Protein chains: 2
Amino acid sequence: MTQFFRSPSDKDKKLKKAVATLIGTRPSNVELYRLAFMHTSVSKPLNGKDVRLSNERLEYLGDAVLGMVVAEYLFKKYPYKDEGFLTEIRSRIVNRESLNLVARKLGLDTLVEYDPNRRTVLARTSMYGDALEAFVGAIYLDKGFQFTRKFILKRLLSSYFDLDKVVETNINYKSQIIEWAQREGRDLRFEVTEKGSARHKEFIAELMVDNEVFATGTGFNKKKAEQSASEKAIEKLNLVKPVS
Amino acid sequence: MTQFFRSPSDKDKKLKKAVATLIGTRPSNVELYRLAFMHTSVSKPLNGKDVRLSNERLEYLGDAVLGMVVAEYLFKKYPYKDEGFLTEIRSRIVNRESLNLVARKLGLDTLVEYDPNRRTVLARTSMYGDALEAFVGAIYLDKGFQFTRKFILKRLLSSYFDLDKVVETNINYKSQIIEWAQREGRDLRFEVTEKGSARHKEFIAELMVDNEVFATGTGFNKKKAEQSASEKAIEKLNLVKPVS
């Protein structure tokens, strides 16, 4: 039987090689990457501490690094677009569905350690996208900001996002939620109110299902407020959103 | 009268000097900082473009830089705290009220250009905190990441935040919203539902006012979900949140 047993150092070599291929250089601290691929389902308790050892802390860090680098990239790419546009496009890039997709394309799904008994539940979650964020966090701690910035720009943004397509795609949450209501035989309407002065108007849309407020959204105009409320309703209902 | 007239170059010198004092070195591109302090109430149209010239784009960038640097700082300062804790503490540091306060302490209120006819409205808004974020964005573009990181850590975090106090402060949004309901004679209750499996439970709290869903929040446990729903309700009602 021992011939099938993989020693820790074999596993180490495999991980080191995979990371080196992904980031284009040898990792300095392979432990960081091992942690990045440790899903919470296989988390380990830390003696006498509240926190369990998993990739969730690295995911928090990587999410912030990714968000910042994408923010800067869009800021420079679109010098004549306002912050509403930049925020919207960033959220289309850095969202659960697209990060999951990119993580799979990078092959992170073969590196993530998780409890296979929980596979069916996990398959629908953001396990791989979360691991991608944790991976970015690990790269940042291992190699610093400029290296990570280049990795995000070259290996993620340029390789996997057709930005023109992302910008053109206009996800219509409102029509989706209306379809849902028709399917389910529910009464759906929007109640929109205005706030603020003439020059700084904000719109608040309440999405009413059977005469009760089901979700609320805000925006610069009525359409955006309704879109936002519809998006929240879709999340609340766990309806699948299309990948952008 | 002309003796009271300030020439553009006088204004330039004043701004350059103020920025140099704030960041500890001469600004390379003073135009970035001028833009950072240009509130939307004095925004200028750009020929043939959709966007108006104001600090809102820089605010978007600075928000991302600030969020990332604070994320890393907390990640390293609290090695045994989970991502929920880190996220919560970060949002207590990087929120509208505390940024407004820090901006005033830095003296940014004397640098921000805005339309004084709109003063009463603006006084209650996040004008100075927004300018602080835009200022961070300008520093990043002018001086790069490492410089900005040091500025945030030394000039903002170490100088103006008592982190122990921030961590100890437990803002009780739920009790605040209950007080509001009693004051206003409204009927308030929470309806909490569970989602997910035994190990990955999520709680959804609906804050009901007079039997209608008024706000919804989610969390790892019932208490957090109710806190989150209460916080959203407070925002929706524009009730003043205490400065953390």
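Yeah, the Cβs are placed from backbone N, Cα and C, and that goes for glycine too.
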Pick the one from B:Glu59, B:Glu202, B:Glu206 that TrEMBL also lists for the Mg(2+) site with B:Asp130, B:Glu133.
B:Glu59
Are any of the binding-site residues B:Glu59, B:Asp130, B:Glu133 near chain A, where near means a Cβ under 8 Å from a Cβ there, and if so which?
B:Glu59
Check: same-chain CB within 8 A of Mg(2+) site center, minus B:Glu59, B:Asp130, B:Glu133:
B:Asn55, B:Glu56, B:Leu58, B:Tyr60, B:Gly62, B:Asp63, B:Leu99, B:Ser126, B:Gly129, B:Ala131, B:Leu132, B:Ala134, B:Gly137
Take the C-alpha atoms of B:Glu133 (Mg(2+) binding site) and B:Asp63 (active site) and report the distance between them in angstrom, rounded.
5
Looking only at Cβ atoms, how many others are within 10 Å of the one on B:Asp130 (Mg(2+) binding site)?
27
So, by DSSP, how many helix, strand and coil residues make up the domain 'DRBM' (B:172-239)?
27 helix, 24 strand, 17 coil
